[in-house]
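Before any comments, here is the structure.
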Amino acid sequence: MTFDNPIIKEILEKYKQIWALRHASALMDWDVQTYMPQKGISHRGAAIAQLSLLGQKFMTDPSFIALVEKADGMELNDQERGVVRVLKRDIKYYTKIPPKLLEELTVATQEGTVAWREARAKSNFSLFKPHLERIVELTRQVAEKLGYEGHPYNALLDLYEEGFTVSDADVVFSRLVPSLRRILDKQRMPSHSALEDVKYDTSSMEAMLRNVLEVMGYDFNRFRMDISPHPFTIGLGPNDVRITVRYEGYDFKRALFSAIHEGGHALYELQIDESLAMTPIFDGASMGIHESQSRFWENIVGRSKSFVEAMYPIMRRYLDFLGSYSVDDVYAYFNTVKPSLIRVDADELTYNMHIAVRYELEKLLVTGEIKVGDLPELWNRKMEEYLGVKPSNDAEGVLQDIHWSQGSIGYFPTYTLGNLVAAMVGHFAGKLMNEVSELKFDGLKAWLREKIHRYGATYDPKTLLRRSFGESYNPDYLINYLSRKYE
């Protein structure tokens with residue numbers, strides 16, 4: 001992958017300043033979430049904010065914009081076109097949205113996140129309501145400034161999944177939800193496993209996770225694993241990708257699948273072509289595509305019978321209590337199905353129903369068809385309709401997710417897109433999936449690199465999927481996968 005156009009080369013040379021600022025900011029953010037002393041947050045937050053403002057200044061410099069505009073329309077190769085496309089999106093965001101609006105949104109989300117934490121702790125939506133009203137109003141203004149065709153929610157969806165629209169989402173959820181309800185009614189897996197309550201030793205668990213990831217081919221000279229309250233992945237370069245996990249001391253599948261999930265994100269970052277480093281396209285194609293890689297390894301591979309059978313001896317080596325449980329017991333434990341109130345605890349069969357609820361409410365919020373004050377009642381009604389469970393309080397209902405307090409309206413659908421594409425990847429991987437039973441992953445990883453990873457953000461998500469698989473977001477692969485597994 002090369003950059004030959006002289007204008008593109010000039011753009012990339014200037015972009016290194018933006019890259020360096022983002023690199024420093026990302027490293028500082030990783031430190032915030034892992035090792036920074038708790039009281040250091042105010043000064044660290046100020047430093048990160050200044051780096052962000054400086055990066056924005058570089059991005060909106062008239063001479064830089066002129067170069068990007070000059071390159072646009074030239075005869076370019078795929079990577080060069082990708083650079084222009086990604087930069088145009090960034091420039092559009094920073095030039096169309098007034099600095100005052102961005103500042104107001106930043107303040108509203110900072111205050112909103114604090115209010116959300118208190119409201120959730122007290123299970124009292126009214127404490128968060130005025131903050132969310134402000135965030136929704138400012139988000140509507142962002143949508144108007146960015147512009148859209150058809151539905152205002154399209155402008156917000158596009159921020160997280162380029163080119164994805166309400167029309168696309170309506171097709172996905174209208175096909176997915178009835179099928180999931182049908183499968184849920186017929187499914188045969190247990191709703192509980194005794195292993196959910198078994199305690200484990202944290203040091204043994206950490207050693208097991210490292211061994212599992214090593215067996216899966218992760219090179220700890222390019223990759224590291226730490227602890228944080230909320231598991232995440234951060235890519236700092238071609239040879240520096242970091243994940244975190246959380247150890248709760250019981251229900252060991254949570255930590256295991258957290259590590260495998262974040263490892264899937266990490267593998268994507270590690271397999272982007274190194275020639276794209278320090279460019280705007282050294283990144284995932286979209287939130288949904290990135291999520292597909294974590295969900296593929298977590299669900300399609302990690303919860304499969306072949307993976308459980310092959311990995312069982314390794315798990316048993318570290319977790320003595322598994323001596324009392326068979327491979328079949330562990331497989332059933334990994335695949336219990338129970339409609340639940342909390343999204344992050346949902347199994348792979350019911351998870352997308354949680355996203356459907358959020359999608360429908362967000363879409364109505366953005367247009368003003370419902371008010372923020374309507375959310376608790378509508379949330380509870382939708383949960384009962386889709387999953388047959390009803391929250392008894394706000395904390396286990398409308399207040400459970402942090403996303404809205406952070407202004408991330410339009411983000412939730414990318415989780416379902418991740419699941420759709422993960423199932424698609426599993427289908428098209430074909431016979432390579434058979435190698436999982438022998439704990440051989442090199443063929444699968446090489447195939448993923450060629451189909452998805454190596455291109456970074458060269459292509460928008462729909463183009464990437466059509467290029468690699470001949471179609472884009474098709475829910476049928478997920479429906480078929482879940483039907484075969486659970487019906």
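Heads up, the Cβ atoms here are built off N, Cα and C, so glycines get one too.
Heads up, TrEMBL stuff is auto-annotated, nobody curated it.
Other C-beta atoms found within 10 angstroms of the C-beta of H261 (Zn(2+) binding site) number 23, with every protein chain shown included. According to TrEMBL, the Zn(2+) binding site annotation covers H261, H265, E291.
Annotation for E262 (active site, proton donor/acceptor): spatial neighbours P231, F232, T233, I243, T244, V245, S294, criterion Cβ-Cβ under 8 Å with sequence separation of six or more. Feature annotation from TrEMBL assigns active site, proton donor/acceptor to E262.
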Neighbourhood of E291 (Zn(2+) binding site) by C-beta distance under 8 A, where only residues 6 or more apart in the same chain count: T414, Y415, L417, G418, N419, V421, A422
Within 8 Å of the centroid of the Cβ atoms of H261, H265, E291, which other residues of that chain place their own Cβ, given that this set defines the recorded Zn(2+) site? T233, E262, G264, H290, Q293, S294, R295, W297, E298, G418
